[in-house]
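Report on one structure; see the data block that follows.
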Amino acid sequence: MRDIQNIVILTGAGLSAESGIATFRGPGGLWEGHRVEDVCTPEALAHDPELVHRFYDARRAKLAEVAPNPAHVALARLDAEWSGQLLIVTQNVDDLHERAGANRMLHMHGELKSALCAACGDNVEWEDNLPPGTQCPNCGTPALRPDIVFFGEMPYHMDVIEAALADADLFVSIGTSGAVYPAAGFVQTARYHGAQTLELNLDPSAGSHWFGETRLGPAGTLVPEWVDAMLA
Ligand code: NAD
Ligand code: ZN
């Protein structure tokens with residue numbers, strides 16, 4: 001790992017698993033007991049808004065009971081101390097990166113602590129439950145929904161992410177199964193532009209063979225070790 005200036009880090013649900021937040025594809029391929037199609041698609045939101053809103057209300061409420069783990073803390077330290085460019089792109093909708101102190105970070109799949117107006121497209125900070133029909137503070141339409149990027153919707157910040165990947169000397173993927181695109185394709189983009197690539201995950205991901213190196217183990221152990229080495 002010599003001559004590295006610019007780093008892009010992609011994180012997924014596995015990073016927050018040791019904080020006590022369930023991953024996407026838990027036992028039986030369910031997310032907290034729900035089929036992904038029933039809580040994570042525009043069709044589900046249209047068909048059963050009560051269920052979808054309640055699901056994300058529960059995920060949002062859970063944030064008060066969890067805390068960043070050593071992997072979030074190590075990444076925040078790398079962000080603070082790394083003198084080159086650095087971007088943490090998270091697929092997670094929890095707020096554990098920012099609570100650990102990370103600054104150079106983007107939520108590509110939205111945030112539990114944000115609401116999105118389906119009418120005017122405004123994003124508003126949101127802490128409490130969000131019942132269907134809640135009025136948008138910007139335009140007044142009763143159209144606020146969870147600010148979560150559902151399957152088939154466009155992830156946030158893709159222009160910034162693509163540019164960072166094109167400039168990256170090192171791309172690191174942590175705790176993601178590599179099943180959800182476009183994030184699963186970032187390793188290929190980074191490689192194409194000449195970056196070294198490293199995967200830190202509990203199990204090999206779907207795209208493991210794309211990485212120059214894969215280290216298997218829990219993020220709470222592997223990430224602090226990797227950050228210590230980068231800052232040594
Ligand atoms: P995923 O659930 O599909 O995959 C999780 C990956 O993490 C797996 O490869 C697993 O082997 C690995 N893993 C599990 N425990 C780990 C640990 N302790 N250390 C390291 N790795 C571990 O997750 P994904 O790829 O991020 O799926 C993406 C979707 O899931 C996103 O759209 C995201 O919004 C949503 N999601 C987010 C959260 C969250 O915000 N914390 C939680 C669940 C799902
Ligand atoms: Zn609005």
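Backbone N, Cα and C define each Cβ position, glycine as well.
Residues annotated as domain 'Deacetylase sirtuin-type' in TrEMBL: 1-232.
Sequence-distant contacts (6 or more apart, same chain, Cβ under 8 Å) of Gln91 (NAD(+) binding site) comprise Leu10, Thr11, Gly12, Ala13, Met108, His109, Thr176, Val180, Ala183. Residues or ranges marked as NAD(+) binding site in TrEMBL: 12-31, 91-94, 175-177, 201-203, Ala219.
Of all the Cβ atoms in the protein chains shown, 19 others lie within 10 Å of the Cβ of Arg59 (substrate binding site). Per TrEMBL, substrate binding site is recorded for Tyr56, Arg59.
All protein chains shown were included, and the count of other CB atoms within 10 Å of the CB of His109 (active site, proton acceptor) stands at 20. According to TrEMBL, the active site, proton acceptor annotation covers His109.
Around the Cβ of Cys117 (Zn(2+) binding site), the same chain contributes Asn123, Val124, Cys136, Asn138, Cys139, Thr141, Ala143, Leu144, Arg145, each under 8 angstroms and 6 or more positions distant in sequence. Per TrEMBL, Zn(2+) binding site is recorded for Cys117, Cys120, Cys136, Cys139.
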Gly12, Gly20, Tyr56, Gln91, His109, Cys139: which of these recorded positions put a Cβ within less than 6 Å of any ligand 1 atom?
Gly12, Gln91, His109
Listed binding-site residues with Cβ under 6 Å from ligand 2, out of Gly20, Gln91, Cys117
Cys117
Fewest neighbouring Cβ atoms within 10 Å: which of the binding-site residues Cys120, Cys136, Leu202?
Cys120
If you count the other CB atoms within 10 A of the CB of Phe24 (NAD(+) binding site), including all protein chains displayed, you should get 19
To the nearest Å, how far is the Cα of Gly20 (NAD(+) binding site) from the Cα of Tyr56 (substrate binding site)?
16
